[in-house]
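Undergrad: What follows is a single structure, and I will ask about it in a moment.
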Amino acid sequence: MQDENGKLAAGGSPAGGGTAAAAQNSLNLNGHTAPSNGHNPAITPTPQQQSDSQTPSPMPTSAAVVPRDQWGGKYEFLLSCLGYCVGLGNVWRFPYLCYRNGGGVFLIPYFIMLFVTGVPLFLMELSLGQYGSAGPIMVWKCCPLLKGIGIGMLCVSTLVCLYYNVIIAWTFYYLGSSFQSPLPWSCDAAINAAICGNGTVGNSSLERPRSPTEVFWNESVLGVVNSEGLHDPGPVRWPLALCLLAAWIIIFLCMLKGIRSSGKVVYVTATFPYIILIVLIIRGATLEGSLQGVAFYLTPDWSRLANAQVWNDAASQIFYSLGIGVGGLLSMASYNKFDNNVIRDTIMITVGNCSTSFFAGFAIFSILGHMAWRKGVPVGEVADTGPGLAFVAYPEALALLPGSVFWSIMFFLMLFMLGIDTLFGNMEGITTAVLDEFPNLRRNTLHKSLFLGTLCFAFYLMGLLLVTNGGIYWFTLIDSFSTSFGLIIITLFMCIGISFFYGVNQFCQDIIDMICHCPPWCSKVLIYFKACWVFCTPFLLLFILIYIFLEMYNTPLHYGSYVYPRWGKGLGVCMGATCCLQILIWAVVAISRETGTLKERFKKSIQPLNSWRVNNQNSAARSEQHVEPERVEAPFTVTLTDMDFTAMTWETGSNA
């Protein structure tokens, strides 16, 4: 189907002379007006081409050209990427890791990992997407052997979207409950009088005292007390199911028109959390005991630097926070103008994201310090990680503040904004990959809307498992393994593939070509990035991978006091393995479709396709340099475009 479309596009130009034919040839199926392989689009066509261009088209030319959206403005892209990176992990994961791994001294390995792995890989993804003007699958025209990396990214994005919107559903539940006065998880609520009075829940005096927030979280929200474990999910909790449905409806409406709609939404969703964080920091600074919380957050423990876990936590937080390796960055960058300065954007977004994590810690621990002062316990006993910090410790601290209803509404509204921005990026990675593979969906607005609606509804149905009584056990399983070793392997192969198969020198030249007036500092900075891509980043990724495997083998997976059975942990390993095995599967397919010896097949499968260097109209100024046409790959590798069928004709014309 796609090959036929390509041939129709090549021969379907209306009568109108050589210029029209050349313009027609400069359009690929994704709708980018651009030269192919450096050929000038104004080149005089051969007589055969002129004859072909006058052949009546069996279908309108416009039907074969599928325009690709672009960001409405520079700030839409920056805010979308910043919103994608600044997520819930900045609020509940970084502060916990910081105090658990030596306080302020954790910033040393954190920023080392940021500039050695995070920033180089972030730049690599943005550059790939922008240069190729394609999503995570189609972009591997640059090296068809590694198409499985794109498929693996799609698998990771699917798992992340599956559980991430459940967090937004929890946020909705708490946001709705925050409009009650007093808050239903505070000691002022009549239902919690017995709990706050006795300090225990249940009949046994040996049970650990639990706070009203823990009771509200485990019983009212999750219902986990009614489940025995992973094997006993129980019935769906319909209040949460309705919140999950509302979350997916909002995602659908915000993404209905692609980046034209989501690009406008981020003006609110990406900036509002910063306003709330500033307000919370100011409010927290005025509370009694806040300085003890901040001191606990930042007090350095220099001996922790010798612990390998600290460095692994720093690297994992960089991956978790920046969203590397899941396809969202590739997809969002693919809608950029060709001459956008990706180096500048990379530095701005990564530094902005990590600064947000650091400052969010002040907002969190200043209020947790007040909570510890009110309860008369050390700060370490009220701090937690993951959902426990966002939905147990922090709500309890909010309930102690004057005007607790207002602060609770603001906090959970901030969590909602943080979560929805990150989900935009993950969903964009999936939709862009599918629309690139099936460009006909771009042509029909109704079909595109139906596809997005079907995708959201399918995610909703699958997510119902995570809002059952035992849903938190499944949530923890997917959360633990979806972005674990599989993501690291995908990123490692992406780094090796670009550096050694595609060529790190060629990749750096591509980045320079994209920046119209490349400042001298950009060229010098690329030397540093080249060293990272070839040596430092792969080495550190291998270190992280080995550590993950050792930790996964030696440490049992648990949620609270529940220890996961061996089959549950094996299921999680299968999730991660499914993502990274796509690389091997599609590499075998790519090599098997070639001809010649195994060595010849391998060499052919790492050569870029002709349509790889198809860029938008902004690259026309650099199209005068002649680049020899490369090869035409078999249809299995990627979706071919009309450029793959016309490049050899151009070569014939130039030889003539």
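Placement of Cβ uses the backbone N, Cα and C atoms for every residue, glycine included.
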Undergrad: Could you identify, going by TrEMBL, the member of CYS161, CYS187 that forms a disulphide bond with CYS196?
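TA: Among CYS161, CYS187, the record in TrEMBL lists CYS187 as the disulfide partner of CYS196.
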Undergrad: With Cβ-Cβ distances below 8 Å as the criterion, list the same-chain residues six or more beyond the ends of the transmembrane segment (318-335) that contact it, or say none.
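TA: For the transmembrane segment (318-335), the sequence-distant neighbours (Cβ-Cβ under 8 Å, at least 6 residues beyond its ends) are 68-71, 77, 80-81, 84-87, 89-90, 93-94, 110, 113-114, 117-118, 121-122, 125-130, 132-136, 139, 150, 153-154, 156-157, 160, 259, 342, 350, 353-354, 357, 422, 425-426, 428-433, 483, 487-488, 490-491, 494.
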Undergrad: Cα of ASP421 (Na(+) binding site) to Cα of CYS196 (disulfide bond): how many Å, rounded?
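TA: Distance between the two Cα atoms comes out at 37 Å.
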Undergrad: For the transmembrane segment (525-550), could you work out the same-chain residues 6 or more beyond its ends whose Cβ comes under 8 Å from its Cβ atoms?
TA: 113, 116-117, 119-121, 123-124, 308-309, 311-312, 315-316, 343, 484-485, 488-489, 491-492, 495-496, 498-500, 504-505, 507-508, 511-512
Undergrad: Mind checking which residues reach the transmembrane segment (570-591)? Cβ under 8 Å, same chain, six or more beyond either end.
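TA: Answer is 144-149, 151-152, 155-156, 159, 477-478, 480-482, 484-487, 489-490, 493, 552, 557, 564, 598, 601-602, 605, 636-637.
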Undergrad: Taking just the CA atoms, what is the gap between ASN353 (Na(+) binding site) and CYS187 (disulfide bond) in Å?
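TA: Cα to Cα, ASN353 (Na(+) binding site) and CYS187 (disulfide bond) are separated by 36 Å.
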Undergrad: Determine which residues of the chain contact the transmembrane segment (265-285) at the Cβ level, with the cut-off under 8 Å and only residues 6 or more beyond its ends counted.
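TA: Counting only partners 6 or more residues beyond its ends, the transmembrane segment (265-285) has Cβ contacts under 8 Å with 75-76, 79-80, 82-83, 86, 254, 293, 356, 359-360, 362-363, 366-367, 369-370, 401, 407, 410-411, 413-414, 417-418, 420-421, 424.
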Undergrad: Quick one, of the recorded positions VAL86, CYS187, CYS196, LEU418, which Cβ has the fewest other Cβ within 10 Å?
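TA: Least crowded of the recorded positions VAL86, CYS187, CYS196, LEU418, by Cβ count within 10 Å, is CYS196.
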Undergrad: Counting a contact as 3 or more Cβ pairs under 8 Å, with residues at least 6 apart in sequence, do the transmembrane segment (481-504) and the transmembrane segment (397-418) touch?
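TA: Not in contact, no.
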Undergrad: Please report, as numbers and ranges, the same-chain residues at least 6 past the borders of the transmembrane segment (397-418) whose CB is under 8 Å from any CB of it.
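TA: Those are 83, 86-88, 90-91, 167-168, 171-172, 174-175, 178-183, 185-188, 212-213, 268-270, 272-273, 276-277, 279-280, 283, 287, 367-368, 370-371, 374, 382, 390, in sequence order.
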